[in-house]
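Features as listed in TrEMBL:
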ACT_SITE  35  active site, nucleophile
BINDING   35, 329  Mg(2+) binding site
ACT_SITE  37  active site, proton donor
BINDING   37  GMP binding site
């Protein structure tokens with residue numbers, strides 16, 4: 001049908017969309033700032049994460065962990081934004097309030113009573129940073145999977161006795177917290193020692209995506225605004241990556257990569273950069289070494305600086321607060337701090353959006369009518385477990401822990417932070433090329449309904465994340481009758497008294513409520 005074609009066409013466009021949480025007028029943006037890693041320099045997944053995993057694994061074995069760990073290889077099945085419980089060794093997917101949505105121990109997804117054993121109210125205190133560690137960045141993907149491998153190995157190994165907070169081997173006790181700290185120290189060693197960067201530079205074609213439109217984007221931006229680069233990486237690594245991305249374009253005159261920017265700052269030490277910062281120094285681009293003394297002069301084009309702070313950036317470029325749009329991938333180090341401390345406009349790069357949209361597009365287009373009929377019949381025939389299993393399979397299509405942004409109709413912690421701190425977000429900064437630089441990114445209006453009335457479809461669509469909002473807003477009317485019957489069926493089920501398993505009833509109620517939220 002024509003409607004069906006329009007929906008499919010819209011979803012194709014969505015892969016190139018910039019999504020809006022708060023309105024931004026590009027015409028008012030006087031300066032665009034960019035992070036480098038996972039923003040301008042996109043790494044090839046899962047090859048890059050696999051390399052990081054192998055470096056972590058090999059280092060842990062070299063400092064005394066069992067050689068059997070070498071049998072594990074990287075599997076890109078866990079999203080970012082998860083939380084490690086260092087007390088019980090669990091990997092958690094939580095919402096913004098700390099309610100546990102998904103819980104895994106090693107590679108085993110816990111359900112019902114197993115979750116309540118650790119978290120009686122299915123709730124955690126996220127503010128307890130000594131116990132809970134949030135895995136916010138794409139750099140954490142290798143670490144996330146390796147920690148799951150550690151827990152899986154020691155849980156299965158017969159040489160070790162499983163205890164609530166760790167493992168016992170003779171007179172030695174190894175807590176989940178000590179395992180986590182060892183893994184964290186190893187990750188820091190790999191980054192600080194330069195092993196990861198050295199291997200990346202030696203295999204740029206293998207690990208770094210060469211985006212042909214990046215020079216085009218920067219060139220167009222420089223026509224209308226200033227551009228700066230602020231990265232935590234050192235100058236040598238930045239030089240190698242940016243040369244690869246911006247200078248190796250065949251068939252065109254060679255343009256030095258530094259000429260694409262009005263200001264370049266390396267070794268920024270974000271998020272400290274957005275607070276008091278560090279000493280601003282000049283970099284000798286011939287040797288890569290820092291020049292002694294603090295730089296106090298005016299901006300020199302083509303000069304590379306080290307350290308500094310966001311205040312220094314504003315002074316050198318003569319711009320302020322909301323006239324800056326900063327593009328980064330780190331929800332905490334790039335987006336939250338620049339928004340809260342400086343009032344910069346923010347653009348979050350979420351590479352996983354590409355997969356999220358692809359999965360959603362595929363699942364909704366495969367046998368949509370059959371799927372809805374299955375749910376309808378299973379409820380009315382009393383076989384609700386059939387529909388329950390189907391919904392679980394749908395969620396698992398996104399990976400081991402489900403979608404990055406949602407669990408059913410409930411937003412994850414990552415999604416709530418994205419909506420709170422990112423004015424704009426997209427799968428790549430290159431998607432800015434699909435908009436003119438006088439474009440108004442208009443946030444959809446959020447309608448507040450009286451408590452007695454149900455929320456309107458449009459309000460719910462505005463609150464949904466990118467993939468679901470587009471689909472729900474366009475097809476909710478088409479399925480209104482089916483959803484009405486589903487709702488009626490659920491009322492019948494919840495009133496029945498022959499369902500004896502409380503945990504199963506709770507799970508079925510949550511899953512059905514998630515679907516009925518569409519209405």
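Keep in mind that glycine also has a Cβ here, set from the backbone N, Cα and C atoms.
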Tell me, how many other CB atoms lie within 10 A of the CB of residue 329 (Mg(2+) binding site), whichever protein chain they belong to?
25
Rounded Cα-Cα span from residue 35 (active site, nucleophile) to residue 329 (Mg(2+) binding site), Å:
8
Looking at the active-site residues 35, 37, which sits with the largest number of other Cβ atoms within 10 Å of its Cβ?
35
In which DSSP state, out of helix, strand and coil, do we find residue 329 (Mg(2+) binding site)?
coil
